[in-house]
Amino acid sequence: MRLPHGEVKTPVYMPVGTKGAMKGVTYQEMDDLGCKLLLANTYHLAYKPGGDLLEKVGGLHNFVNWKNNILTDSGGFQMVSMSQLSEVTEEGVTFESPYDRSKMHLRPEDSIHTQNQIGADIIMALDDVVKTATAGLRMQEASERTTRWLDRDIAAHKRKHDQNLFPIVQGGVDSKLREQSLNDLIQREANGYAIGGLAGGEDKADFWKTVVQCTTKLPKNKPRYLMGVGYPVDIVVCSCLGVDMFDCVFSTRTARFGTAFTEHGFLKLKNNEIANVFEPIQKGCQCQACKNYTQSYLHYLIAKEEVACHLISIHNLNYLIQLMLNLHQSIIDGKLTGFVNGFLKNWYQREGKIPQWVIEALEYARLPIEQL
Amino acid sequence: MKKSPLFIYTTRMGSYYHLTPFNQQTLNLDTCLLSAGDFLHMENTLKLLQSETNISFRQYINQENKILYMTSIDSYKMKCVEGSSNKDGVKIAQLEGIKPMTNQQYIELAKTINPEMLVSLTEKLEIQAGQKSTKRSSAKSAKFLKESLDQLKDTQISIYGAIQGGLDTVSKIIAAEEQKFAIDYPNFKGFTLFGFNQGSTWQEKEDALSVVQSVFDGYNVQYILAGYGDILSILWGLSWGIEGFEIEEPFRFAQDLKVLLPPKFDAKDSELEQFSDDKINFYELEGKKINYLNFPINSDVKENVPLNPECQCFSCQNHTKLYISHLVECKEMNAQVLLTIHNTYQYQKLQQKLQEMQNKKQLNQWIRWYLQFL
């Protein structure tokens, strides 16, 4: 992808810096990891420091001193997940601010206006967000309303020359609603498309089939962004199914609880058996944590000093960034099958078995998978 | 001691407050205070590290090429060492709570850590401790010092005694006299002075220091000041011949969301000439305060400037007051990261200036010049 603040190799994992900061990790460290695109959250930034102030200082890039690309989401998901939701009408969403309990009203025009002020390279259309498991009329209503709001988002968008507006495909796991949403969105030409409404606890079979339905239909020459997905297995599989962009807070959130990503799965550094493991989290990893410390030291440090959490966050971010870069390279080199098989073999080594949904999904993608 | 003044930065288990190796790069931190209580629960792990790996302790904590200073009392823990009726040890704060530790355990830990500088084990007296308790503690500290000197004589570790006794001059003299024997030991280097708390007057501090120094007058003894390492104490202490300072202040300030904004350090020779070269007197420090900024501040566009436009630290070169204030308001820990970097940088600049002034034999003149702005 060529974006206003530089080129981004895909598939790409986008770290989440919700309020204009990655917890414990400076933007300079993010740059050092090779991160070219990260997320910020309109919902939170609209409250603090506010869209007007960000506009005055020249946008979020200037405010946080980040020279690479930024994607902002619309705030729709946070409204549903964080606020006392009062009402969704055709006009917009009325909700109670979790900061000061004041009543707030967000229309598509407001979300786009704030995102214009923030100045991200990719911005998201405001969507009518419902839980993935929602079925029936409410899901249909949300899906159809998202399309109508998209038209308002497009009309309100004042920076078409340097900010790419991505619509969000909805419909939950209902294939008919998804199809309708896809048809509607593709008619409104965009520079990229997001797949929303998944990663909400749905059955994995429904998950991957819905992803396929979307990636099959969406334009091949436009990036596809699967929102809220960031488990290593999920992003490898979905990359093979045609997804280009991913985001998830899991990598840093779990790091703050002492869990690190490794090629063999999750490593809980707080466990007692780690106390005497004098190896890095992941051999060969070039992150600060692995180059300078052992699992043993981090195990003890977690209890004493927050820098341990910073280090594990850096490791997890590096793991995902490198995973995607390696996957990208394997595609270039024509070695994707070998790469994916190697990844799965390591990841599921302890369990001894690759889950059926993974095999089925990759079979669909015509990647022959060797069972363990 | 390698250079004076020596700033000994506190750590938690060898890691600086909020500083990853990447963020340390611009700071050139070359010292590391290690608190015994941080390692006592790791006895088994450290034994395995030694016996079953090629990883040195310094590599383990990622502090190679640093001056390691090991002590039992750490200013960031409120009550890390307590007295004990056991004459062979004290009670020390560990991960699992306050537990007994013998001097023998302390010495064995020192052998494992192998620091350049070791403060011998000591008891921290209760504030209202009576004379009997004070004498008993002094005797214990002296005993611990002798045992350290004897058992570590074949190592490269420089041993420092611990002078307790608060600011009571009698207690201080007792403590100093009890440990005077150490002068005859080749691995003895000096004393770490405890009890010079911020709440006391400068006159009390001056009196307490004077009596200790009078006991060792004529001997080549180094002094290290334990505590937070606030700037005024450093200026005063250096003027009075203290060469090393435990430093916690830049981290404490950052934790409290405060930015150190000391005055400029550079003075012309002509500006210094008017000042006396004598030691700083206590009354010259009274009423003096270091300037700092409290976060958060008003979210005004005019605050979209560095903390200090002339500061070359990473935080001032890359971020603004407005952004840091935003981080504080959002309770994002990156605020503490950036403030730690700035505050520590200020200390390093101060250290460089003090070294320069010592070399030029203009130290006290410079301190007097500097105190004008506080």
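Placement of Cβ uses the backbone N, Cα and C atoms for every residue, glycine included.
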For this session: Let me know which member of A:Gln28, A:Gln163, A:Gln170 TrEMBL also records as binding substrate at the site of A:Asp73, A:Ser74, A:Gly75, A:Gly76, A:Phe77, A:Asp127, A:Gly197.
Result: A:Gln170
For this session: According to TrEMBL, A:Cys285, A:Cys287, A:Cys290 bind Zn(2+); identify which of A:His264, A:His315, A:His328 is listed for that same site.
Result: A:His315
For this session: Kindly point out the range from A:144-150, A:228-234, A:333-339, A:340-346 that TrEMBL annotates with region 'RNA binding'.
Result: A:228-234
Seminar exercise, completed: For A:Asp127 (substrate binding site), the spatially nearest of the binding-site residues A:Cys287, A:Cys290, A:His315, using Cα atoms, is A:His315
Problem set entry | Cα-Cα distance maximum in Å, computed over every pair in A:Asp73, A:Ser74, A:Gly75, A:Gly76, A:Phe77, A:Asp127, A:Gln170, A:Gly197 that the record assigns to substrate | 15
Exercise. Considering only the recorded positions A:Gln170, A:Gly197, A:Asp247, A:Cys287, A:Cys290, which residue has the minimal Cα-Cα separation from A:Asp73 (active site, proton acceptor)?
Worked result: A:Asp247
Problem set entry | A:Asp247 (active site, nucleophile) and A:Cys285 (Zn(2+) binding site), distance between Cα atoms, whole Å | 21
Seminar exercise, completed: For A:Phe77 (substrate binding site), the nonlocal same-chain Cβ neighbours (under 8 Å, six or more residues apart) come out as A:Val129, A:Met227, A:Gly228
Exercise. How many Å lie between the Cα of A:Cys287 (Zn(2+) binding site) and the Cα of A:Gly197 (substrate binding site)?
Worked result: 33
Seminar exercise, completed: If you count the other CB atoms within 10 A of the CB of A:Asp247 (active site, nucleophile), including all protein chains displayed, you should get 25
For this session: Go ahead and report the DSSP secondary structure tallies for the region 'RNA binding' (A:228-234): helix first, then strand, then coil.
Result: 3 helix, 0 strand, 4 coil
For this session: Please report how many Å separate the Cα atom of A:Ser74 (substrate binding site) from that of A:His315 (Zn(2+) binding site), as a whole number.
Result: 28
